[in-house]
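For reference, the structure is listed below as structure tokens.
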């Protein structure tokens, strides 16, 4: 009976008996059952009320009788006693004995029970009441009074569900009549409207249901498939007298509303023509957030990480995070210049980190608001990743100390797919943050777009239903209802560690921004808004009428905050410069100097001792757990690794293993995430071993490398790029002493996460003075696999590099490291396992952090020539930005007729072609391993070595793609434009690659011919 399923759509009118008969009653999974009803050897036709259509009600009565025999009618008490004694159902029923003073009542009851139609009616009426209660629980929110303006229904539907009793004539839906309103009905165990009472008159049942579900709070929860959670919510919203606030709580709420409202009014007075995306119309957001934080702090949370869009951001910074007001006001001063490196960002995108005492709980709490772009909802997974990292570093495995709060706009919450992606990370083992509180500022409009044009679902919050998150809709002009809902939301998160949504149904008093005219597109709405009293005024009038505060106290509260703002404004006039670093959302204490500079500009050797290389190699080629049966094919792979270790060589997978394993020894936590990364898309990695005989028994050998090593997290992600890359970026924000890698299944698919790359990874430091060392591993290579499995689009990453192609960087002792410090990200395409090993280790050994983009190979993973010796990985070795020609051509450089620069896999095709043409002495091939920042110094050295050679850039990508457009101007700057730079590669194309194998091979043959035809460019200028 607890598992009834009722469609959420509006029911078509049915009679009560039809409704009852149409329901399928399932037995509860509870241990207590009334077996006599289920195992009968005698006919029971004499008692049709025991049939399946009524069994739900009978079982409800039985459970109530078990708990308290006096809670049911005497006839049921006798029936259950007899039935439990072994009587058949037909014989179990007896009329109750004389009750003396209640003889007439008893006679009436006996006659009713002896009359079979009346017994059926009694049962059907009780079942009808159960259905009525359930209807309110499921659909009561559809008629809740949620819109402060009284214009729209929050669910965009003015129809009232047929089973919600808004007038007495609708009782007929349940087969009830107005005369039944004063009849007393036993309450089922699935409701708490009775409080301590087990039965209520129908009139009172309806009144209490209306009060619980149809006032200023609408509760969506009946889609949740966990009975305990449903019961918990019912108790929170149905129990009588739940929404009681004492006078002190009301005064605190009023003071918070004063701060929220007067802050916006102060900004409007001082900077009336500035965009600030104010909170007018949803001022209750500030006390709402503070309530969630207060309640969570009381439950043990000491770190709250928040993400939000532009709407109300300055108010949140001022009154929730408690950013100094003068620093906020400085952002409005157009004359102040920022002293930090980078370009900065607008004030309503900036983040903040602050530790303070929570005055309600008297406990320390740290608040962080993550900086974000204008791309709505893009910060959602970033916040979740940062939250996960902070939980990881403090050992908070259940989310009891660190939590996330995400704020959303109604249009974006419904419209942006990243919301869905982020929700689906919420319960994944390696991505869960153990519950997020989502607060939707539902101002019922998206810029100029009506919600009826902006979503197909009744509410903007319907996406949350996919993860069984309860949704609490609340009228934002009822501050006490908002506070109650926020308390419940925080308590839900603390109790169940699951997501929850608070939908603040409000309005936007101004246009999209303060300069926008909303009357163009929403004239009727804004006529009503112009008449609408501010929530502060309404609530103040309420408290004054209740005697909680008087007019003088209210005005003093306003004056006190106005004075705070004026004094901060005066102090802001003394500021001479802006500091973006004051708005840092993720500080790294101790990593930089006090003024935020690297502690050195050198990078130590990235090599390892032979002993460490051998040890890691041995672990990588074994199973460090007893009685663990691995797949036969994997046994061959591990055996091959063992042979390589004996021969002191590594392939790509083993080089990666050694780089990561060595960092674990140094206390660096490593997290590798992405689709299929545990095994590797190309079945080369195998960092997680699976027992072939025991389901779900796994082993991660890399966590068995060293005593006291840092943990290694390798996790297959959901089939998402946008959400998962954002999550990993957020994880990398939390600490510089961790290596976070995200690998695309194929490099081609990274563009699904383009927003994270364009708005966070590439410009993050320039906008927010926030370094990040995330590593992107993007499998790339033209191998005849078609246009969607060939290219990681290197041209796009290179286009976004911030180095000047026409300017030679200033020479210095630390030229290479200085270049890395000045760049916005590092782009490499390694051609050897050893160089990949070094660049991964360098990422951590650098004294600062930059994103690293690695175009990783596919065919080279098993290429017999793509091997490196231990000698290339020993102490004193390092990452080679260029690998110069080392063959016969280097022995007679003046005789070399062509110098080919290339990068990545194409090198092996070039060397094979050169060998086949017997041109080793005529053509030198140099590999540019680090594309950005461009190695001007080493390229110059290589060019000067071959004075008689013409210069060719060769790539396997099409001419309008790949590296050519980036490399050519930098090569020309390197040689001071003394020679032309020729191109050998595929012709320009719209698609990254052909899908035809023959065409692929024809293109390959053509550009290899061009590369080695020494007369190919004669006559060209």
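Cβ coordinates come from backbone N, Cα and C, glycine included.
Now, the feature entries from Swiss-Prot:
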| type | residues | note |
| --- | --- | --- |
| BINDING | 142, 155, 157 | Ca(2+) binding site |
| BINDING | 311, 410, 443, 445, 675 | thiamine diphosphate binding site |
| BINDING | 410, 443, 445 | Mg(2+) binding site |
| CROSSLNK | 533 | ubiquitin cross-link |
| TRANSIT | 1-40 | transit peptide |
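Overlay of Swiss-Prot feature records on the structure.
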residue	record	Cβ contacts under 8 Å, 6 or more apart
142	Ca(2+) binding site	153, 155, 157, 160, 161, 164, 218, 458
311	thiamine diphosphate binding site	277, 278, 279, 282, 409, 441, 443
410	thiamine diphosphate binding site	440, 441, 442, 443, 444, 445, 446, 451, 460, 503
533	ubiquitin cross-link	none
675	thiamine diphosphate binding site	681, 716, 717, 719, 724, 743, 744, 745
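Overall, the recorded thiamine diphosphate-binding residues 311, 410, 443, 445, 675 cover a maximum inter-Cα distance of 37 Å. DSSP gives residue 675 (thiamine diphosphate binding site) a coil state; it is part of no helix or strand. Using the Cβ center of 142, 155, 157 for Ca(2+), the list of other same-chain residues with Cβ within 8 Å runs, in sequence order, 141, 143, 153, 154, 156, 158, 159, 161, 458. A Cβ within 8 Å of the Cβ centre of 410, 443, 445, the residues given for Mg(2+), is found for these other residues of the same chain: 409, 411, 441, 442, 444, 446, 451, 506, 507, 508. Most buried of the binding-site residues 155, 157, judged by other Cβ atoms within 10 Å, is 155.
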